[in-house]
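A short worksheet on the structure shown next.
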């Protein structure tokens, strides 16, 4: 019974995916920006690897900014320090 349910699900998923390919066309993935090395004593901003906002940065980047520059992201509050 599980096999039948699984096969029906996979078949319906394949049909949906085929429809999306023809509707939306192929889109390439958006490349990530290159890593920018920090400038010692430089301003806090995108040039030293720590963006001005906490949005859209990875966990490892946020942790790095917190340990190196004391700019720590907090949920709902943004940077502190």
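Cβ atoms here come from the backbone N, Cα and C positions, even for glycine.
The disulfide bond feature in Swiss-Prot is assigned to 50-65 (among others). Taken residue by residue with DSSP, residue 65 (disulfide bond) is part of a helix.
Taken from Swiss-Prot, the feature disulfide bond covers 54-72 (among others).
Sequence annotations record features per position, and here Swiss-Prot assigns disulfide bond to 66-73 (among others).
Annotated pyrrolidone carboxylic acid per Swiss-Prot: 20, in sequence order, evidence recorded as similarity to another entry.
Per Swiss-Prot, serine amide is recorded for 80, and the stated evidence type is similarity to another entry.
The annotation signal peptide is assigned in Swiss-Prot to 1-19.
The two recorded residues, residue 65 (disulfide bond) and residue 73 (disulfide bond), show a Cα separation of 9 Å. Sorted by the number of other CB atoms within 10 A, the disulfide-bonded residues 50, 54, 66, 73 start with 66, the lowest.
Residue 72 (disulfide bond) sits 4 Å from residue 66 (disulfide bond), taking the Cα positions as reference.
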